[in-house]
Structure formats: structure tokens, C-alpha cells
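**Q** Annotation comment: TrEMBL describes 85, 86, 87, 231, 251, 252 as S-adenosyl-L-methionine binding site. Here TrEMBL flags 231, 248, 263, 295, 308 as substrate binding site. Positions annotated as domain 'SET' by TrEMBL: 71-296.
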């Protein structure tokens, strides 16, 4: 795993103020399959190089269509088809915006109810100690092992064995994202999946050879995890996790910017007793064209690469996460933690900096709190507890502000040094026409991260040059007391 970029304030800046606060450049902890990202097919046209997914045969697609029809799914307006992304949903006729194009009955969903109703139910229980994604992953593997005897055999037959998600990259391919936050996140996710696999391998898979007669490897389990991670819709998470065959074939298009949901779960039939997943068109679609959705407007390119295996050439997708921590060795640890918690924050704070956008609200305020010490420590006294955050929203002292500027700049330089290419070299590589899809993903992620790091560095470099022009706490306080005027001149009184 790539090392996280740790940097602490140099002691010379603290003037003996005690242990420096911790600043770490790393991805914020992300929810895994118990808090899944939005639905997805294997890839997207958003990436200039389409995912190299082996398309299913015509016979397999025909079996899948027949299976859907025989099981009561209504898909007359659209059809699954081979598209540049792999598989997608293509309109059979002109479709207006908001038209229902598919309804998939609940009996076809792979979810906790399907686990409970299967022969896995007796070992997984009605939830038990297993996370929902683990139970559903085991169901996928169990049904795949059953072959043609499985209810979901025609669906499982068209699923890709992997996508361009970074969890499927080789060690050589992962070297292309050396130094990135994406590499650390990818390795962390794989370690998490490995730990879950180790548990279920011993307690469920090996203990129930009647259900898993063949060998189930970590790669098999990782594949099932990847299927769920890339194909489950956003609100179907936690205990509601559900994989919806057919609907999950819909691909992403970055041109769709609406956050309006394109699906719903509703009742149908007599008294609405039959539950179906209903899919609608988010935009008008011409006959023969693909139906697309927006997976998630808020995901960064690193998150898109991890979850789905693509990136977008969109600066709003380029971001970098700054992690700030109140050090437990800080002599003012308890006071700083109390102040942070009183203002809706905690011991650790995550700030996502997006290319071309302002710094996140409260980031500088939190930095000032971390660096507070020495002659500024009086602001940590209980007397100021209800007002200190308000004071921290403005510069406290020159030393405090200088500490912030220097530590951020040093951290940016340290992080940039971890990459094995420059921005200019990456931009030249992106002009090549022979790039493989995973190469392009790697280059776009790392160049985006580096641009954000340079942006952060420039912001604080410019701020450092303006330190003499800033108004600090003591000056503001003297103005409030009437000892100096608005222009900074001392006011004298005659008796």
C-alpha cells in the first residue's frame, strides 16, 4: 500500500508550544457495501477508452431476454444489447422523458430476502452477524456454482468477470497510480474484503461443503463484491441492499446532470401486493439509442475509478482529501477537542478540495484551532469557549497564520514528490491514441490529484505573502475597545 502522506508542523514554528498537530493527506474513510454507491453497468462512455469487457454471446443475451419475460419482468420499451461499454439498455422506440421502461419483480432481486429463502438461509440466518453485502455475495457465488439449476443462471451468464475498477488491477497496473490517494483506498478496500472472506471461508464456505462443493477463492469473492459495488442503486443500501437484474445494465453519461431519481420501488397487481422495481427514462431517448443515467454528480474521478472503472474529463471530478487531526500528545488536546465538538466537528476532520473551487468551509478555521498555542493559548480558556470558534474564523496571530501556510505548503510538496510523473508528462501521455483504458484512468486520476495539490499550495503561498496585511485578533480587540482607529493609528486621549 502506498504510504499516507503525514506531515506535522515544524517545532521552530511553534516556539515551544508543544507537540504539533497532525496533518495527513489521505482519502476519507468510505462506506463499503453496507453503504453502496449508485447503480452501474460495467463501464461508461465517459471514459475515452471504453472498458475492455468481453460481451456475452447472442445466445446468452437471447436466453436472458426469454428469462426476463418468463419471470414476469416488463421490458418491452428497451432491450439489453452489446454497446461500446459492454452491455447497455437500448430504446426499442422513441421514448419521452419520465416514461417507465422496465419493471422487475422482486422475486428476481438478489437481496437479503433471496438469501433467507435460499438454502443459504440456514447458515446466513435472517441477517445474523453477516453484513448484507457479504450474504448477497455468498448467494451470487452459490447460485453461480449451481449452474443451470439456478433461478438466476441466465442473468449470471451475462455478467462480466471483471471491470476496470482498480480493485481488479494487477500489481503492474497499480504502479501507474503510485502516490495517489486512489492507490491507498484501493488497497484498503481489498484488505477489507480479504478479511471478510477469511471469516466466511472458515465459518461458512468450508463448513458447508454441501452448499459450496467446489473451491471458492478470494478472487471469486472479490468478483462478487465488485459486481455489487458497481451495480447496486444508491438508495438500495444497508439492510435494503438489492441487485436488480436488467435494470443494472443501464450505463452512465456525464451529460446528464439531474439528481432526480430515475427509479422507484412500488406495489403492483391486486391491492399493490406485488413489489416491482420501476425504471424511468431521465431524458428523451430516440429509437435505437442507449438509455443513460447519472451515477453520482458528487463522486470524484478516484471514486468513479474505484467503484465503476472509468473517469470523466471534468475538472469538478478532480479532488483531493485533506485529513486533519488533533494530536493526543497536544497539551491542549482536551480543550481543542471540546471546542471542535461544540462546533459540530471532531478529533479528525476531512476536507475535500475540488479543482477550481474555493477551500471547504471551516477548513482554515479548523487549521487555526490545531495550530493554536503559545501566546495564543489564552483563547482556549473556558472563558472564551462559546466565542472561540467565532474568533478562529478570522486570523488569530501572525505566528498562527504563518504556521498554517507553511505546513500546508510543505505537505503539498511532500505529496507531489510521491508521484512518478509530472503534470506536463501526464498531459503529453493523454494525447496518445494507443492508451489502454486502465492507463487512461490512472493518468487522469493522478494528473487531477496533482492539479488540486498545486492549487492548494498556491492558495497558501499567496496567503503567506499577505501576512503583513492581515488584521489579527489583538488588533481587532483594540479596535473594539477604541484604542486604535480603523486605519490602525493609536488613539490618544487628553485629560
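The backbone N, Cα and C atoms fix where each Cβ goes, glycine too.
Note: TrEMBL annotation is automatic and uncurated.
Walk me through the surroundings of each of these features.
**A** The Cβ neighbour count for residue 85 (S-adenosyl-L-methionine binding site), using a 10 Å radius over every protein chain in view, is 23.
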**Q** Please report the distance from the Cα of residue 295 (substrate binding site) to the Cα of residue 231 (S-adenosyl-L-methionine binding site), rounded to the nearest angstrom.
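**A** Distance (Cα to Cα, whole Å): 10 Å.
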**Q** Between the binding-site residues 263, 295, 308, where is the Cβ count within 10 Å the lowest?
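**A** Lowest Cβ count within 10 Å among the binding-site residues (263, 295, 308) is 263.
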**Q** I'm trying to understand the geometry here, so how far is the Cα atom of residue 87 (S-adenosyl-L-methionine binding site) from the Cα atom of residue 248 (substrate binding site), in Å to the nearest whole number?
**A** 10
**Q** Averaged across the domain 'SET' (71-296), what pLDDT does the model get? Just tell me the whole number, please.
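**A** Averaging the confidence scores along the domain 'SET' (71-296) gives 92.
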